[in-house]
Amino acid sequence: MSTVREEQLNLEIPASDVGSRWQKLINWFQPKASQPLYDRMLFTLAMALLAFGFVMVTSASLPTADRLTGNPFHFAIRHGIYILISLAVMLATLRVPANSWNQQSGKLLLLGLIMLLMVLVVGYEVNGAQRWIKVGPITFQAAEVAKLFFCIYMASYLSRREDEVREATKGFIKPLALLFIAAVLLLMQPDFGTVVVLSATTVAMLFLAGARLWQFFAVFITCVLALILLIIVEPYRMQRLLTFLEPEKDPFGAGYQLMQSLIAFGQGHFSGAGLGNSIQKLQYLPEAHTDFIMAVVAEELGFLGVLAVIATVLMLVWRALIIGRRCLMQEQRYGGYLAYGIGIWFSIQAFVNIGVASGALPTKGLTLPLVSYGGNSLIISALAVGLLLRIDHERRMLGRKVAPRGGAE
């Protein structure tokens, strides 16, 4: 009986019966188990975060959506639509050769910088920050796009100028000059959180490319001095720092959001109050379904829920770094550095988001990749995951000496 079942499971439908197109479709979704054509673990982890994010955004946004729109599922429906668009973008990215992004990296970086400049000219303000551009019914956050485009450019630059980065100071300074331009445009919005993520990602990629150690000490000292200057020049940053250090001194003013987030973490205990049973999301905690969604996770699912999210994000980052390492071992420099860049970007942004929600870091206004509410963040994060899958797919196909799907290189 078991032999018959095995034969049925291994049965292949002949192309003559269903047509060549159907056979190609079957082959696409049924790769050989011994050598899958994509990183199944990476894909599964990304889908798990998207699904978990939908559940938590639905739970966290019900009171706010009901108060603002009269429909408690308003944000949940929008988030579901964003997820569908993100999946479509991810699948479309899988069909684009990685070398196409490499060839257009300079133009993409220029486009990203132009978008950051446009925000200052035609953008509109939300919650005290001018970060959004509106084109008809569509609004997008230029900073999210700039992060991805900068990673793509850095990967291209390092793949072409790796020796120059290692041996000459100018090879190290060139990308930092571009980073400085992007940072100035971001600080004018202001968006200090994206500056932190972009700077840390760029410096980490230069380190992995083999830049000299003394150069990093110089960058570190410069960044510390610049940070001190920014805190002194902008009063609101000083206020955020003081609030972060002693939020209980102004629990109903500047320290209100952090205090409510800490209360949520405290009420969650080990296993949480149960899904949907958060008290802090009932108009107490601002931005409960966006930047502070981890506070709701902590309250409803407890320490175990927070640990599960952190573990999933870390595994996704680990897969990205593994892809990068394997690409470099096969002399695929661009794909390797891009995978490294995306992995570092995700890890830093997740670290900052969780650190802010738990009171370990000052407020920055960054989303949790693939989890928090927000169409821009979701779509760009999904596109980045699609790039990782495509890079790994090409690496595997190169190992099998077969031309990659999705177009000629």
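Heads up, residue numbers simply count up from 1 along the chain you see.
Every residue gets a Cβ built from N, Cα and C, even glycine.
The transmembrane segment annotation in Swiss-Prot covers 42-62 (among others), and the record cites sequence analysis as its basis. Long-range contacts of the transmembrane segment (42-62) within its own chain (CB-CB distance under 8 A, at least 6 residues past either end) are made by residues 72-76, 79-80, 83, 86-87, 90, 275-276, 278, 281, 288-289, 293, 296-297, 300, 309, 312-313, 315-316, 319-320, 323, 368-373, 378, 382, 385, 388-389, 392.
Only residues 6 or more beyond the boundaries of the transmembrane segment (72-92), in the same chain, are considered here, and those with a CB under 8 A from a CB of the stretch are 46, 50, 53-54, 57-58, 61-66, 289, 373-375, 378-379, 381-383, 385-386, 389. The transmembrane segment annotation in Swiss-Prot covers 72-92 (among others).
Residues or ranges marked as transmembrane segment by Swiss-Prot on the basis of sequence analysis: 108-128 (among others).
Counting same-chain residues at least six beyond the ends of the transmembrane segment (135-155), those with a Cβ under 8 angstroms from any Cβ of the stretch are 101-102, 105-106, 108-109, 111-113, 115-116, 118-119, 123, 175, 178-179, 182, 186, 189, 191, 194, 197-198, 201-202, 205, 334-335, 337-338, 340-342, 345, 374-377, 380, 383-384. As annotated by Swiss-Prot, transmembrane segment applies to 135-155 (among others).
If you look up Swiss-Prot, you'll see 178-198 (among others) marked as transmembrane segment, on the strength of sequence analysis.
Swiss-Prot lists 213-233 (among others) with the feature transmembrane segment.
The transmembrane segment feature in Swiss-Prot is assigned to 303-323 (among others); the stated evidence is sequence analysis.
Annotation comment: Swiss-Prot describes 337-357 (among others) as transmembrane segment, evidence class sequence analysis. Taking Cβ pairs closer than 8 Å, the transmembrane segment (337-357) reaches residues 98, 101, 147, 151-152, 154-155, 158-159, 193, 196-197, 200-201, 204-205, 208-209, 261, 265, 291-295, 298, 306, 310, 313-314, 316-321, 323-324, 327-328, 363-364, 366-369, 372, 381, 384, 387-388, 391-392 in its own chain, all 6 or more past its ends.
Residues 39, 42-43, 46, 49-50, 52-53, 56-57, 60-61, 75, 78-79, 82-83, 85-87, 89-94, 98, 101, 140-141, 144-145, 147-148, 151, 289-291, 293-294, 309, 313, 319-320, 323, 338-339, 342, 345-346, 349-350, 353-354 of the same chain lie 6+ residues outside the transmembrane segment (368-388) yet bring a C-beta within less than 8 angstroms of a C-beta in it. The transmembrane segment annotation in Swiss-Prot covers 368-388 (among others), and the record cites sequence analysis as its basis.
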